[in-house]
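As recorded in TrEMBL:
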- 124: active site (ACT_SITE)
- 183: active site (ACT_SITE)
- 206: active site (ACT_SITE)
- 246, 248, 295, 300: Ca(2+) binding site (BINDING)
- 116-209: domain 'Transglutaminase-like' (DOMAIN)
């Protein structure tokens, strides 16, 4: 049939596996968490069939995976037709559950099925997790994908414009495009009889509401093969996905007379790494080359020219003459650090010429949402660098925890920009880098025997790493086939003290199962823990 997958191991993974892995964090520090899809849990099939009723998909279309994916990508988000999940990206989650607290799709789908109102709140991995449950539940092979440095290119011109002010700082009012630290979407496996031969197989579908498509917030199915080769004329939404993984970052400076001067171009930052969970294990496999040819290769150029021919807009930059400073390289290293500690940022210049240069540099440290949108600049540091001929020069900047803790967001994400102007040539070097703090994990243990149908003991532990008391803490624990989601509130966890939560449950299904826990409070989010448990037959 239209969704036939010929490898038994892949069928077990992409249709039957009821837990999965979400890769998040940023490209320099990939973080991992488990997600419970729970497509075989009680009433989930009814909830998924209800979604097709909600989307008013005619019965004759319900055997067509292309139509099912198209309508589902709209109904997973609440933007148009009061769909399943309401998104919130601004760190305020009033009257709802913060996106980081969910451990799986079952609670979300069940709440929606009973209330018929959007469930608050989700961000990209929540939309993708629920979409994956929906697809696997209906027997459509599906997997969750993470793209690091995903472009959100507002005018889809394959160019992300970062506009600099006189100091060399990014002007957040004028800069409309953003690069997400990561973005999660789904791939669904199907034939594409509506396209020429060769474009079946994995298709991108995305339930996160970013841009409208034919008047609704939805995206896909777009053929991965078509995106790779630049054949973006094929439906649905290939140009948008192509831009997400292929844009150039262009740093522009506005002159007093209103003209824009190109200061720097970075062609390799966007779509740097695309990953998914491996078949039959929890490891990560890279699938970047499913989406794009090797950076700088002849095939990559050709794919770009094909995409341009088929109407992807690319702003031309010929009206402004831009020449890079080729003989000086600039690098930015961020020291790995645990939440609540100081760390340092190192800027290294490599002068490869025989000339002595002077650079005036500006470092800007920002606390950002994982979508690359800045909340607050918390660190400004200007310095002059004397660059000796044919040698490297390194400069350290210390970031104190007192500078960032009060404004930190959900995902403990920072974004550093460095711009440096070479005095002798007037040229600008620019670099940006995302960095994240290490967030402590939850520990899960089982005591005694683990046998289907018999009582089993589970303990969840957490030690507060901050120098402050955590207030109004919520813990969640779930595991498909072992226990339905349980929640517990704790009023306070004092600094450096350990919380212990003991639970009793009756596992239903034998085999290898996974327990997934999350901890959430205003001062600390994205705290997870997991444990594989072998449940014996009685």
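Even glycines carry a Cβ here, placed using N, Cα and C.
Bear in mind that the values here come from a model prediction, so they are computed numbers and not experimental data.
Features recorded in TrEMBL, as mapped to the structure shown.
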{"residue": "124", "record": "active site", "CB count, 10 Å": "27"}
{"residue": "183", "record": "active site", "CB count, 10 Å": "28"}
{"residue": "206", "record": "active site", "CB count, 10 Å": "31"}
{"residue": "246", "record": "Ca(2+) binding site", "CB count, 10 Å": "23"}
{"residue": "248", "record": "Ca(2+) binding site", "CB count, 10 Å": "20"}
{"residue": "295", "record": "Ca(2+) binding site", "CB count, 10 Å": "11"}
{"residue": "300", "record": "Ca(2+) binding site", "CB count, 10 Å": "16"}
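Across the domain 'Transglutaminase-like' (116-209), the prediction's mean pLDDT works out to 92. Each of 267, 268, 270, 271, 292, 296, 304 belongs to the same chain as 246, 248, 295, 300, is absent from that list, and has a C-beta within 8 angstroms of the C-beta centroid marking the Ca(2+) site.
Using Cα positions, the member of the recorded positions 124, 206, 248, 300 nearest to residue 183 (active site) is identified as 124. For residue 206 (active site), the spatially nearest entry among the recorded positions 124, 246, 248 is 124, judged by CA separation.
Each residue contributes its Cα atom, and for residue 246 (Ca(2+) binding site) and residue 124 (active site) those atoms are 20 Å apart.
Between the alpha carbons (Cα) of residue 295 (Ca(2+) binding site) and residue 124 (active site) lies a span of roughly 27 Å. Under DSSP, residues within the domain 'Transglutaminase-like' (116-209) fall into helix, strand and coil as 14 helix, 41 strand, 39 coil.
For the pair residue 124 (active site) and residue 248 (Ca(2+) binding site), the Cα-Cα distance reads 23 Å.
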